[in-house]
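Visitor: Quick one: the structure is below, and I'll ask about it shortly.
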């Protein structure tokens, strides 16, 4: 009967011996009795959860066979044998989720006896139309609740990359860990009974998880780090899934795991939310704004050489990753039902702690930034203005770049049923440049109380003369930085700076070009190259300037990442300066994965991985790592002692699948000499024969 419950409740994949059920849906129990029961009128069922169960807090339900209790729980007797009685129990669709005890209370004369029938875990139920997390489409439920692997998009807007992620929500211990996350929250420690009583609401539960996945306030799961070395922990780029992170936190008695960045926080959050039954997906926003002062304008300052000046706390990240979860918003109204933004990356405090969301995507699109929770922060992330200034001195600066369309590009998620990319930008905003988009932007400014001109207006000169802020002029030259080929790690990077004189006057242009290794937050990490050139252009003349960034120049700066920002400041006398920028992401060498035979549950099959040392140097002490839910119960690590320059190596290992269906096997070559080389393969595992 336990197997029947699992199948009916879509919980068969959980690697647990516990009874795991979904709320709002009947489940069956059987009682084996020593004697025949004459009457059930004196029998009462009690379901309870939390440290202080109480009917008034909906954490305790008392119900009989004859009628539905006030709690919404009910029991009915099914056809039975004399000493083996079968019952169907129904929990309400708004029951508190968590671990329950089920007791049977018997009244015989004046004596009341109680028997613990067992325990079960109750989850949210996207298959139940009355549940707040109900999702009508079965293919979407399969993707956003039951899929235990996925793709997280990264890179830059013009070079979007896919990274595999092992969510592993059904793996051993993950359900226990997900419930422990709720029990470790600040809300639970302050008032456990009240906290548990609120766990009927996906709004409440998801907000708690957004706070608990980061470690900033509550000794949560992952500690963030965006600068310096990662010697005291794991480089965020090395993680390939949530399972090892969650187990490490749990087994170390809730000590935060070092270290994570945005995709790690989002990946772990997705695991926990799906595990608890809330439909969830991972979202990537390219050119994502971090608007510290929430004025919907991102101001960036550079000097005449293209160096970043830290005069503003605002920033634009190449990409930022968060989550969307699907549920209705009883607190806001039905218009705001559907996808809700949650962001566990600790950026700004909300109600005193680092948490973000749930913010309705409908609220973001309509500019309703006055609605809970944290909608102004998300609105700015996808819709702020971007303004770049050159600061010549304390008394003089020039606005050289103003873009109302740069922020919030190619907002992406994995497609239902495939690994392809789906663009969901239209869920967040109206088309850039449209009248409706401008109206929404102005509405948001007004609701935030920001006193400044509308989105398409010029920025006026400040009254204080010494600031000498100037509105942007139209440059009399144009320019681009072009890559001659897609660069691969270990190779030189050929670049071309093209400049064109747009008017008939002769021009002398002073070019200050700089290349820096950067983080995905666009924060400079190390300077790679700096050069100055003077270029003469005749009337409407064009010019090509060839630049090479050699491997020897960048190799020591890109050992754990692959991003370079090239900036060219082009100055002319008596005219507006031109700023040209180019983001470069070095490509990984190819890594191929081949499964050598059919994959069948409980049958060994070999996997062959082929990879190449991309460097002209010998490398040592590399590690090949493999993981995949349903394929490997723990991460596999194989040492690769030595690789000669440009050498191609092959490693073979065995997997024994333990779950059928489509599975994702990830492979990662880790080496201190260059950034990780990653790959993945999807394979179909047949059921045991």
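One-based numbering along the chain as shown.
Each Cβ is built from the backbone N, Cα and C atoms, and glycine gets one as well.
A TrEMBL annotation is a machine prediction, not a hand-curated record.
Straight from TrEMBL, here's the annotation block:
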type	residues	note
ACT_SITE	262	active site
ACT_SITE	320	active site
ACT_SITE	343	active site
BINDING	383, 385, 432, 437	Ca(2+) binding site
COMPBIAS	454-467	compositional bias 'Basic residues'
DOMAIN	254-346	domain 'Transglutaminase-like'
REGION	454-473	region 'Disordered'
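Walk me through the surroundings of each of these features.
Guide: In the structure as shown, the Cβ atom of residue 262 (active site) sits within 10 Å of 27 other Cβ atoms.
Counting every protein chain shown, 25 other Cβ atoms lie within 10 Å of the Cβ of residue 320 (active site).
Here residue 343 (active site) comes close to 210, 265, 266, 322, 323, 356, 357, 374, 377, 378: these same-chain residues lie at least six apart in sequence, with C-beta atoms under 8 angstroms from its C-beta.
Same-chain residues at least 6 positions away in sequence with a Cβ under 8 Å from that of residue 432 (Ca(2+) binding site) are, in sequence order, 404, 405.
The DSSP breakdown of the domain 'Transglutaminase-like' (254-346), given as helix, strand and coil counts, is 17 helix, 41 strand, 35 coil.
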Visitor: Determine, using Cα-Cα distances only, which of these binding-site residues is closest to residue 320 (active site): 383, 385, 437.
Guide: 383
Visitor: Residue 383 (Ca(2+) binding site) has how many other Cβ neighbours within 10 Å of its own Cβ?
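Guide: There are 26 of them.
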Visitor: Which of 385, 437 has the fewest nearby Cβ atoms, counting only those within 10 Å, among these binding-site residues?
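Guide: Comparing Cβ neighbour counts within 10 Å for the binding-site residues 385, 437 gives 437.
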Visitor: Can you tell me the CA-to-CA distance separating residue 385 (Ca(2+) binding site) and residue 262 (active site), as a whole number of Å?
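Guide: So the alpha carbons of residue 385 (Ca(2+) binding site) and residue 262 (active site) sit roughly 22 Å from each other.
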